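Sequence annotations record features per position, and here TrEMBL assigns domain 'G-protein coupled receptors family 1 profile' to 38-286. According to TrEMBL, the feature transmembrane segment maps to 23-45, 57-75, 95-116, 136-160, 195-222, 234-257, 269-288.
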Amino acid sequence: GNHTLLTGFVLSGFPKHPELKHLLFFTFCLIYTIAIIGNLLIFVVTVHPSLRMPMYFFLRVLSFLDISTASIVVPKMLVNFLSEDRSISYMGCAAQLYCVIFLAATEWYLLAVMAYDRYVAICNPLRYAIIMNSRVCLSLVLLSCCSGNVVSVVQTAWVFSLPFCGPRKINYFFCDIPPLIMLSCTDTSLYEKQIITATALVIFTPFCLILVSYACIISSILKISSAEGRHKTFSTCSSHLTVVTLYYASGTLIYLRPKSSNSQDTKKVLALMYTAIIPTLNPLIYSLRNKEVKGVL
């Protein structure tokens, strides 16, 4: 019954489309390359003296998280496209799950911090430099990381406390909570409820903070008399809103129904969204819609 714990798992990836493996390999290799280069450019550009503001400090942290997320998932997926051996060790699977949850949870909290930063900048511009000083910014990032670490440790320990038996094939392209609990040979209904609770705390709590921040921001924007001023102010928030919508929507749809077998293919697409596509889009979203970043670049 515990044989899987000793031998590891097999990542099936995308078994329904084996004829597309070479096309998928080159596609995701290109996506990964763009993600790494784009986020490195954002990281380097925002170090420029003219961009030494809290918003760009948080953007550098976001770029680091995106590089890490893509690097944890995509290289192993690329190898599996061309290799017959798609196995991953038990400890390797646990490490990958921990890293993915840690980076995802940290990014969810960081996006809420970035929304708070925009709130202070727009609603309290005269006190912005005092409120968002370097110590506060660093503390908010560390708090996001610590919160992400707690969530990841709890979830990883809980998943790997389950007994695994029977087929050791994971119907996914990386180790994640939904496909792993489907391999358990015990009743996981209690654990599924725990995941839903954790999803509410980890995703909906920061999302509600984002909604409150943007409600105050929109209220302040509407008070601006000129249409040009309103447009200019809102343009500083539109990039962040785009990323929030994509990231929170994909995470919510994956973890609210963790053991729904009918939606495994859909979950793979959604997982690709936050592990590969969003890290690629973030540099484009924040550079193409930001005149200051484009100017420095």
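Cβ coordinates come from backbone N, Cα and C, glycine included.
Tertiary neighbourhood of the transmembrane segment (95-116): same-chain residues 55, 58-59, 61-62, 65-66, 68-69, 72-73, 76, 88, 140-141, 143-145, 147-149, 151-153, 155-156, 159-160, 174-177, 180, 202-203, 206-207, 209-210, 213-214, 240, 243-244, 247-248, 251, 274-275, selected by CB-CB distance under 8 Å and a gap of 6+ residues from either end. Within the chain carrying the transmembrane segment (269-288), a Cβ under 8 angstroms from the stretch's Cβ atoms is held by residues 28, 31-32, 34-35, 38-39, 41-42, 45, 59, 62-63, 66-67, 69-70, 72-74, 100, 104, 172-174, 176, 239, 242-243, 246-247, 250-251, 253-254, 294, 297, all 6 or more beyond its ends. Long-range contacts of the transmembrane segment (234-257) within its own chain (CB-CB distance under 8 A, at least 6 residues past either end) are made by residues 55, 104, 107-108, 111, 114-115, 118, 121-122, 176-178, 195-196, 198-199, 203-204, 207, 210, 214, 217, 221, 263, 266-267, 270-271, 273-274, 277-278, 281-282, 285-286, 289-290. Long-range contacts of the transmembrane segment (57-75) within its own chain (CB-CB distance under 8 A, at least 6 residues past either end) are made by residues 28, 31-32, 35-36, 39-40, 42-43, 46-47, 96, 99-100, 103-104, 106-107, 110-111, 113-114, 117, 137, 141, 173-174, 274-276, 278-280, 282-283, 286.
Per-residue pLDDT, averaged across the domain 'G-protein coupled receptors family 1 profile' (38-286), gives 85.
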